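Here is what TrEMBL records for this protein:
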TRANSMEM  B:6-25  transmembrane segment
TRANSMEM  B:32-55  transmembrane segment
TRANSMEM  B:67-86  transmembrane segment
TRANSMEM  B:117-135  transmembrane segment
TRANSMEM  B:155-179  transmembrane segment
TRANSMEM  B:186-206  transmembrane segment
TRANSMEM  B:212-230  transmembrane segment
Amino acid sequence: MYPLKVMLIISSVTYPELGIPSIFHPNFTELHPRLKSSLFRLGFCWGNSVERKIYIPLNKTAPCVRLLNATHQIGCQSSMNGDTGVIHVVEKDQDLKWVLTDGPHPPYMVLLEGELFTRELMLQLKGSSRISGLAVAISKPSPAQGFSPGLKCPNDGFGVYSNNYGPQYAHCNWTCYQDHNLPQNGSVPEYPLCAMQLFAHMHAVTNTVTCMRRSSLQTAFSLNPEEVCDALSDYNVWSTLKPINTSSKIDPMDEVIIVATRIDSHSFFWNVAPGAESAVASFVTHLAAAEALHKVPDVQTLPRNIMFTFFQGETFDYIGSSRMVYDMQMDKFPIRLDNIHSFLELSQVALRNSSVLWMHTDPVSQRNESIQPQIKTLVEALINGSTGANVTLQEVSQSQPLPPSSFQRFLRAKSIPGVVLADHRTSFQNRYYQSMYDTAENILMKYPEGLSPEETLDYVTDTAKSLAEVATVVARALYQLAGGTGNTSAIQADPRTVSRMLYGFLIKTNNSWFQSIIKQDLKGLLGDELPQHYIAVTTLVNTTQLVQYVLANLTGTVVNFTKEECLNPEKTPSPEKEMYVYTWVQGSRDPNSTSRVPFCVQSTVHLTKAASPAFELKQWGSTEYSTWTESRWKDIRARIFLVASKELEIITLVVGIAILILSLLATYFINAKAHVLFSSPGDAGAVAY
Amino acid sequence: MGATVFFGCTFVAFGPAFSLFLLTVAGDPLRVIILVAGAFFWLVSLLLASLIWFISVQLSNREDSRLQYGLLVFGAAVSVLLQEAFRFAYFKLLKKADEGLATLSEDGQSPISLKQMAYVSGLSFGIISGVFSVINILADSIGPGIVGIHGDSPYYFITSAFLTMAVVFLHTFWGVIFFDACERRRYWSLALVVASHLVTSGLTFLNPWYQASLIPIYIITISMGVWAFFTAGGSLHNVLACLSCKQEEDNRVMVYSALQVPVED
């Protein structure tokens with residue numbers, strides 16, 4: 001059958017500063033165990049084509065696709081016509097032996113339980129020619145039961161980066177597998193066996209340099225260019241506490257404090273990136289802090305401005321932050337690097353051990369005499385902010401390098417005082433970093449049972465309370481850093497807002513609050529499925545837009561504009577129109593009627609491109625900037641069916657050939673003797689010449 | 001390894017038809033023309049039958065599955081009757097053509113006998129109906145899977161191929177018997193041909209209970225073959241003569257056969 005095309009190339013999503021090795025990726029497709037829904041009803045002879053008698057397509061699959069950078073490719077690949085193998089469910093290590101050595105029907109398509117899907121196992125499988133592919137079945141709580149916390153993650157000590165593993169695997173209704181592939185009474189299963197075919201052929205190969213060159217050749221010479229890969233890109237979201245004029249540069253003497261978080265995540269599988277701890281909890285905290293600060297009465301008179309920055313594509317070698325730094329250096333951004341007073345980044349903050357939040361600083365800057373006092377001020381402001389709050393701030397040892405953070409991109413350009421806040425000291429608390437299991441359960445969000453969606457939206461979980469504490473600390477510290485002299489204890493982040501945001505970004509974007517704060521024509525970006533935060537190659541992914549609208553809603557003000565004025569603010573006489581962005585949102589549903597009450601929001605929320613400068617400069621082999629691209633593909637699907645034994649196939653062919661030869665001989669003989677055979681008196685040969 | 005099954009089934013379904021075409025039809029342009037025209041007649045009959053079935057489905061209640069099943073049986077019966085009607089039309093056409101051919105030929109005799117025309121037209125009906133019944137199944141047999149994931153028989157492909165082979169043979173035999181019956185105005189023979197066609201078509205509704213459909217169909221095929229053999233002028237004596245015949249006898253009979261003038265009523 002089809003040989004396994006093993007695409008096992010070391011990923012370069014590594015963190016050199018922590019010296020962590022990366023993951024291997026073999027042929028892969030993830031599979032939802034929702035077979036029942038895809039089972040076809042057996043109808044009558046018409047409309048019941050032969051193909052439906054043979055194949056069951058698996059609709060809800062999430063593939064692992066190929067991603068490339070300047071030097072390597074990661075991800076998965078199938079042969080052009082798909083890879084086929086006999087399904088074998090691997091539940092324990094003994095099953096592996098069957099697949100790798102004992103089983104009599106290779107090649108096998110390994111179906112793994114989610115928790116077995118580890119790097120060690122991948123390494124075992126990758127060299128075998130007896131494996132044609134791999135599928136992972138994960139159990140997800142069904143929407144009907146709400147977001148049940150019934151799935152417990154095992155608590156044994158897995159290393160931080162050791163890859164995905166997680167919830168208990170619910171046995172799905174694999175009737176095909178159970179009926180055909182499970183050994184009966186201890187004997188080896190007989191044909192026909194249940195098999196699976198995976199199609200995930202990727203067009204791009206080798207690395208970004210190769211695929212971009214091929215794409216550019218195509219666009220240059222072909223009328224129908226068929227590009228093979230696309231750069232990962234999207235938009236950064238940012239806003240400022242005090243409005244600035246984005247069409248010009250701010251004054252060189254102005255000082256700006258940057259607060260930053262990432263808003264994207266990633267996992268082994270394409271567009272499966274829940275990123276609860278790695279992104280959502282952090283940017284939700286950030287948004288809550290922004291809201292708390294905007295509520296303070298004297299913020300508009302503070303000596304320093306604060307910029308809230310949400311970077312997109314940070315997972316892929318800091319696409320968003322490197323682009324913003326590049327724009328600042330190229331004078332394409334209203335704020336210059338020299339305007340930056342200090343930098344505060346929220347890394348992963350949701351999983352704190354006894355509410356300790358660690359302040360990471362750059363050891364190189366610490367040795368710089370002009371920067372060191374400013375870092376000290378920053379640290380002191382944070383510690384001051386935490387008084388009275390249930391958060392203990394601690395510094396890590398000054399020799400320890402920074403964790404992976406956007407701040408590093410700024411440090412590369414200029415020595416800036418900065419602190420990265422994280423819930424971990426040396427290694428991540430997050431055991432599901434960039435994993436499909438980095439879901440709401442991972443940050444211990446628990447809802448009591450029996451809540452309606454509306455009640456769930458507003459239910460304040462312990463996670464929300466603790467994140468609100470962090471947001472409070474951040475907001476107070478920022479107020480102080482910006483030169484605020486008022487009483488900081490009045491600054492308080494709202495746990496209810498945090499709850500709503502967590503619900504919206506982790507569980508269901510299609511909730512009444514999100515509905516009320518977006519533009520009417522963007523209703524399509526709200527959905528009932530779990531929100532994913534993958535950057536993708538299409539611009540303006542859902543996460544970016546939602547962060548934009550939530551930020552505008554939390555930090556903006558409602559202005560009394562008509563729809564016309566709101567959509568065309570340049571026509572209004574308002575003197576501040578240069579400084580603000582106006583959004584016409586659809587508003588919440590009027591309780592007494594079905595219509596909504598739209599209104600105009602004035603905010604300072606802006607979007608700027610988060611595309612790696614490497615593609616701007618056409619330096620596809622850049623080592624300075626991110627070069628991640630995503631391969632294109634034509635067809636990603638999977639189907640299951642029965643395969644016959646080789647013997648039955650050979651018998652069919654032999655019978656066919658025998659009948660052909662026999663009929664040729666018989667026809668020849670009868671034709672030659674037709675005159676004798678069909679020669680009754682007075683009758684001529686019917687078949688003879 | 002779908003190619004194995006594909007070629008196996010193709011050879012089973014069309015091996016006999018292919019050898020008959022290659023050795024008895026392809027050498028003679030007139031027979032090729034009759035074959036192609038016959039296939040066209042069959043196609044037209046299928047078109048009409050499918051139109052009737054389609055319209056009846058459109059007009060009926062599509063939710064009622066029993067009714068739809070009944071309509072399918074009705075459609076199959078209409079198709080059989082239309083095929084036989086077109087066989088008759090083709091017979092009439094060939095008779096006309098035969099007269100024309102006879103006037104054109106130098107010796108005033110048609111270059112092809114009616115029995116030969118009957119055989120070729122029967123084969124043409126067989127080939128085209130075989131192609132239409134099995135081609136989509138063959139196309140799906142190329143893939144890696146076999147039928148059976150919903151509990152169907154895994155022998156679906158090979159039984160379909162054998163069924164097709166039987167249909168090719170049956171049409172050939174029916175052609176020979178039908179033309180002879182028309183020629184001699186033996187209406188009971190015509191009725192028997194139509195009836196056996198209807199029975200064969202009806203038996204396929206027993207699928208996927210293959211024993212119940214294939215075995216009776218093959219019994220019908222063999223009996224039709226014997227009948228057609230005798231209709232075409234064969235006899236037990238001829239078979240024995242053929243099996244024991246000698247070479248020199250062959251040559252003599254060959255000359256005799258070539259000189260033989262077809263009997264025309």
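Numbering starts at 1 and runs along the chain as displayed.
Quick reminder: no glycine exception, Cβ is built from N, Cα and C everywhere.
Those TrEMBL annotations? Automatic predictions, nothing curated.
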Inset, instruction - Mark yes when the transmembrane segment (B:212-230) and the transmembrane segment (B:6-25) have three or more Cβ pairs under 8 Å (sequence separation 6 or more) and no when they do not. - result: no
Inset, instruction - For the transmembrane segment (B:212-230), name the stretch out of B:32-55, B:67-86, B:117-135, B:155-179, B:186-206 with the most CB-CB pairs under 8 Å. - result: B:155-179
Inset, instruction - Would you mind listing the long-range same-chain contacts of the transmembrane segment (B:32-55), meaning Cβ under 8 Å and 6+ residues beyond its ends? - result: 21, 25-26, 71-72, 74-75, 78-79, 82-83, 85-87, 89-90, 93-94, 112, 117, 120-125, 127-129, 132
Legend entry - Long-range environment of the transmembrane segment (B:117-135) - Cβ separation under 8 angstroms, sequence gap at least 6: 9, 13-14, 17, 20-21, 24-25, 31, 34-39, 41-43, 46, 83, 87, 90-91, 94, 98, 160-161, 163-165, 167-176, 178-180, 232
